[in-house]
Each structure stands twice: as structure tokens, then as C-alpha cells.
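Report on the following structure.
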Amino acid sequence: MQYHDAMALINRLDSRDPGFKTALSQLLAFEAEQDESIDQAAAGILADVRRRGDAALLEYTQRFDRLAVDDATALEIPQADWHAALDSLPAAQRQALEAAAARVRAYHERQRGETWTYTEADGTMLGQQITALDRVGLYVPGGKAAYPSSVLMNAIPAKVAGVPELIMVTPTPDGVRNPIVLAAAAIAGVDRAFAIGGAQAVGALAYGTATVPAVDKIVGPGNAYVAAAKRRVFGTVGIDMIAGPSEILVICDGKTPADWIAMDLFSQAEHDELAQSILLCPDAAFLAEVEAAIERLLPGMPRADILRVSLANRGALILVRDLEEACAIANDIAPEHLEISTEQPQRWTALIRHAGAIFMGRYSSEALGDYCAGPNHVLPTSRTARFSSPLGVYDFQKRSSLIQVSREGAQTLGRIAAELALGEGLQAHAASAQYRLDQP
């Protein structure tokens, strides 16, 4: 078995090998390094923004983004500018954004929770009321790696949920705004946008300043400082998740073109050097074909340097006994993205319990899910799909319990509650229930 062989393009594992479980665990091991200096820097910035508000925001924006303005109100990007950005997009790009947005909206509209109630025989009504969050902050990274798809995936579910005010923050280094991000904000229904970024933007959204209103939840990806700041403000506000590196796991029966599978592995490996791309297949000859395809296609990729490191350190081609075993291994890995590139993918999907998104069949490339299929691309990473879910409408809605007890119901429930309260030594609880009992 090759594992972290300095010469290997990608690791080769075999599930029959006695050391397989250990090798797989090593391959999967990813500890998000909590860099103490980053955490301390974020904490200092948050405290400063909380204390000094707009003044701190202006200073940090000048220091980190080289953007100097006299007044914090100048950091707001007017809606007219977003619409101008939208109008200036090439027609094909605008059409692609609008088509993706329509699909994302159609999918998320099916997730909307509804208030429900039921009434018991004695007239007592119980239920659950669904309400949207009042105000949400959306962080969008700036600079070269601007992802308009991220705007659509975070903003549209919030608006479908009924969030009345959605505030986008995005850094504009040297004052340069990304027109496609602003265009996406216009399409997705964002309400306000500010040219701020980093831990200072997270602080402004969490605590509020004279210019930037405080929000109830902060969503969206960011760099290590943004992640550290989101971790620290959690509890004051809600957050979506702290995302780890991208992951793809492909289960293939050996009948999909090898080049397709190689490129699917590349699609995640190109994100960064810590991204993880793994193929599970029971056909050794096909694994060799995919390895040959990787070797052939890699030199032509613009991000070949990142791909090489990612595939050599965290990628793997794994020979399994059969597709049942592949599904069992997939459940253990709990991947962010899972492709089931087989005949009758439904059969194997039924065996999957833990995955962020499941791409079924040979034509369902993971890239389609990233951009325009409709389901959300904000997915649990680092094995957290064992207990968490994709971002969705439900992340922007809350549930309140409804309890309307009838006079008759109070007689039955009052006696039960009083008995339990006295058992816990809570006399006022008991009395509160007993006062409502009809006197004999």
C-alpha cells in the first residue's frame, strides 16, 4: 500500500490491507489549527469595535484594506451601485447568475417551515409558530477569490425564510469593488451592503455601530481572522458554521469515464492544499485508469501546484471489496460532497446516512451543486455531516412553542404539574398550577 509516498501523485489504499483503518484515519485527520496569534488579534479587534464603534471600523478598514474615508456612512455601498454593476455584466454572465438564483430559490422554497397547531379533546391547543430572524449579516470575502455563488447560496434562503433585513459586508481592498458580487447581491435580494471586512466587520455586525446595525445571525465564509471572530461572537449572535477544507468522496462502479472522475477529484483539490479528494472503487483496473488520467490532465491545469500538494497529502484512490463496503466507508468519512457514480444510484444512496450533499448518477458532477443545481453549497465539512446539515431556510427561522390550555385542561395538567413540582421541591411552581384548579 502506498501512503504518503513522496513519489506518489495520490495515495493508494486497499480496504483488505490490515493497516487500512489506521491509514484511512491518518488521511482523514484534520485539526483546524487554532492559531493563538490569529485568535488574539481577532479578540482585540472585536473588543475595540465594541468599545469605539465606527471610529475603530474606519481605522481598521484604512489599515487592512487601504481604504480611507472620512465618515463611516461612506462605507455603505448604495443600491444604485449594485444595479449599475448588474447592468454592466456581460449578458451571458448575467443570465447565468439569474438562472442559478431562480433554481436556488425554487429549491429553498420547498424548505419553508409552516406554523402548526392541534387541539386536544378538552379544548387545549398546542403547536409551534415559525418566525424569521429579524436581521441577518452576510459575510462575503473580497479580493481575487470573490464568489458570487456564495452570495446566492447564503442570501436566497434567508429571504425565502422571510428575513426582512439582510446586510452584506464585503472588503474592498484599495477601494476596488467586485462588480459580480454586487450584481449577485442585487439578484439575491440583499437589503444593504457595506465595504468592510475581516474581524472588524464581524464585530460591527455582532455588536452594532452608529452606522452598521447589529444583526441576530452572521453567515458566510471568510479567512482565518473572520472564522476566529465568528467563533468569539457566537452566543451574542448565531453563526452558520466554521467550515473546514473542501472535500469530495466519489463512489464509482468503474464504468464512468476515468477522465470525468479525475476532474471531479480535481474540482475540490483545486480549492486549497488542505482540500480532500477520495475515490472508492471495487475495480483495480479502473483505479489505475483514473491515476493515469490524473497524471495526464494535471499538467494542463492552471492550479496544478495546489492540486499536486492536495492530492499527494490528502487525496486517495481506495480499492474496496464491493459497493456495499464503499457505502460503509463513506458513512464513516461523512463527506461534505459524495458522488455516487454508478448504475442505479438510488440503491446505494439508501445505504448512505452521513453526507452533506449526495450527487447521484454519472451526470451529477459536484460542480453543478456548487453553482446552479439548486440545493445549498454551504455544507458540513470535517466529518460534521454526522450531526449537521446543509445551510437552508430553517437556519433563518425560529420555532416558538404554542400552549393555550383550556379551563378543563388546566384541571388535568395542573394536578400532574403540581405533583411533579412538589417532587422537585419547587413550591411556587406547584402553587401556580394549583391556583387554577376549580375548587371542589
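Heads up, the Cβ atoms here are built off N, Cα and C, so glycines get one too.
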Self-check item: From HIS337, HIS354, the one annotated by Swiss-Prot with SER246, GLN268, HIS271, ASP370, GLU424, HIS429 for substrate
Solution: HIS337
Practice problem: List the residues of the same chain that sit at least 6 positions away from ASP370 (substrate binding site) in sequence and have their Cβ under 8 Å from its Cβ, in sequence order, or write 'none'. | Solution: SER149, SER267, HIS377
Exercise. Starting from the Cα of GLU336 (active site, proton acceptor), work out which of the binding-site residues (TYR139, GLN200, HIS271, GLU424, HIS429) are within 10 Å.
Key: none
Self-check item: Least buried by Cβ count (within 10 Å) of the binding-site residues SER246, GLN268
Solution: SER246
Self-check item: Fewest-neighbour residue among recorded positions, criterion Cβ within 10 Å, set HIS271, HIS337, HIS429
Solution: HIS429
Quiz prompt | Under 8 Å by Cβ from ASN223 (NAD(+) binding site), same chain, sequence gap 6 or more | solution = PRO141, GLY198
Practice problem: In whole Å, could you give the widest CA to CA gap in the substrate site formed by SER246, GLN268, HIS271, HIS337, ASP370, GLU424, HIS429? | Solution: 56
Practice problem: Have a look at the recorded positions TYR139, GLN200, HIS337 and say which one has the shortest Cα distance to GLN268 (substrate binding site). | Solution: HIS337
